[in-house]
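The feature domain 'Major facilitator superfamily (MFS) profile' is assigned by TrEMBL to 37-453. Annotated transmembrane segment per TrEMBL: 38-57, 77-97, 104-120, 126-148, 160-183, 189-210, 246-263, 283-306, 313-331, 337-359, 380-397, 431-448, in sequence order. Per TrEMBL, region 'Disordered' is recorded for 458-490. Among the features that TrEMBL reports, compositional bias 'Basic residues' is placed at 460-471.
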Amino acid sequence: MTQGGKKKKRAVNRSIMLAKKIIIKDGGTPQGIGSPSVYHAVIVIFLEFFAWGLLTAPTLVVLHETFPKHTFLMNGLIQGVKGLLSFLSAPLIGALSDVWGRKSFLLLTVFFTCAPIPLMKISPWWYFAVISVSGVFAVTFSVVFAYVADITQEHERSMAYGLVSATFAGSLVTSPAIGAYLGRVYGDSLVVVLATAIALLDICFILVAVPESLPEKMRPASWGAPISWEQADPFASLKKVGQDSVVLLICITVFLSYLPEAGQYSSFFLYLRQIMGFSSESVAVFIGVLGILSIIAQTIVLSLLMRSIGNKNTILLGLGFQILQLAWYGFGSEPWMMWAAGAVAAMSSITFPAVSALVSRTADADQQGVVQGMITGIRGLCNGLGPALYGFIFYIFHVELNELPLPESPPGGSATQYHLQQNSIIPGPPFLFGACSVLLALLVALFIPEHTNLSVRSSSWKKHGGSHSHPHSPQAPGEAKEPLLQDTNV
């Protein structure tokens, strides 16, 4: 893109932001507290995931009590259905929020994402059924990113996205430990009531305090504005993968490395609790420590590596750490091995920020959303396939328990001994499969050039870059359309 074209794009963006500020100042938004800000989005995200984080330990217990014979298989199917539904619905919800506004869809996604919480103590079967179906609306991050893009300028957007991501990580660092402590002292019923209250507080906050970020005058002419199939097609980004060899290599790398990671997130804490004999408190502490180490790795360590060894080598290093971590989980038979592998897992979290940075640096300015949309689509698909695959592998290798480990059992006690008698050679088969998958990803990543121009030959994609783009916030050169962060819950 020429220098004149860049100046024109920046001028257009400034004009749109000025128009929004004028409309907001003149009362063009529904009632809320103050003007739309990043802090509104941050509070919404924090409350939602804090409520779910509180339920980490109770969910593991209820899951095994509900499905005692096929715990891992059913967990994989539940999370897999939820992930696939989220992947299918996210583009449509994003497109509809461009027409109907962000506030109504923030309310919708938070309500349905948190709807299963009170059912945990009412009916476990309905609890897990509603979790699966809630995947249709479990895309709060997509709407939050659009909300942030509406109210920030180009140079502010990266910092705003970082604040939202840090808030998400912070809520999951603190809440599992709090939930485990309250459950041990006062019982799980109190934890469920508290999580329900926080979810209701989040809904009330959106209703009362969150102002609409997309003013009425900035929307299409009518609420009946047509939504094209291209905007709502979840596979639209995947159809463009093969049009550029470099894009293809990056997408294959992302698929092979994120598939086992998505499966690991869905089952690992259950694995620690049921197979390795961790107590609820130990699982909560593990989540907190891993979260803190991951934040350090993705900020300080990632910055140092990018400056010292370069973008591509940082990706390769992250994949190497992921292979070591998964192999350690797969062959590890003692709790201390899980802690050591967790530290390595924190280092492996640098891979996807490095991939995003590589795409942002090497893609043309008008192709940022296209390539980032492809990567986000691949990750969304993995969020559905990974948990189901892990659950199926656990089922094939008969990794199950007949009873919960006793609360007073120390790590490495009866549960671990039971498991080792059952499967002494490979304690965690899915993790070993994941290590092989990431090894293939590493071999593919070796062929990604360090510096190149990514081009996707499709004029329509210049108009519609990525699943969750919207016409009101032109993309900044060198900036991803949205962070590579998916809706997950522990």
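Using the three backbone atoms N, Cα and C, a Cβ is placed for every residue, glycine included.
Remember, predicted model here, so these are calculated numbers, not experimental data.
Counted over residue pairs 6 or more apart, the CB atoms of the transmembrane segment (337-359) and the transmembrane segment (77-97) come under 8 Å in fewer than three pairs, which marks the two as apart.
The transmembrane segment (283-306) makes no contact with the transmembrane segment (431-448), as judged by fewer than three Cβ pairs under 8 Å among residues 6 or more apart in sequence. Between the transmembrane segment (313-331) and the listed ranges 38-57, 126-148, 246-263, the one holding the most Cβ pairs under 8 Å is 246-263. Among residues of the same chain six or more beyond the transmembrane segment (380-397), those with a C-beta under 8 A of the stretch's C-beta atoms are 70, 72-87, 90, 234, 238, 255, 258-267, 423, 426, 429-430, 433, 467, 486, 488.
Long-range neighbours of the transmembrane segment (38-57) within the same chain, counting only residues 6 or more positions beyond its ends whose Cβ lies under 8 Å from a Cβ of the stretch, are 32, 106, 110, 113-114, 117, 120, 140-141, 144, 147-148, 151-152, 160, 163-164, 167-168, 170-172, 174-176, 178-180, 182-183, 188, 191-192, 194-196, 198-199, 201-202, 205-206, 209-211, 269, 273, 280, 283-284, 287, 489-490. Against the transmembrane segment (189-210), stretch 104-120 shows more Cβ pairs under 8 Å than any other of 104-120, 246-263, 431-448. Within the model, the domain 'Major facilitator superfamily (MFS) profile' (37-453) carries an average pLDDT of 79.
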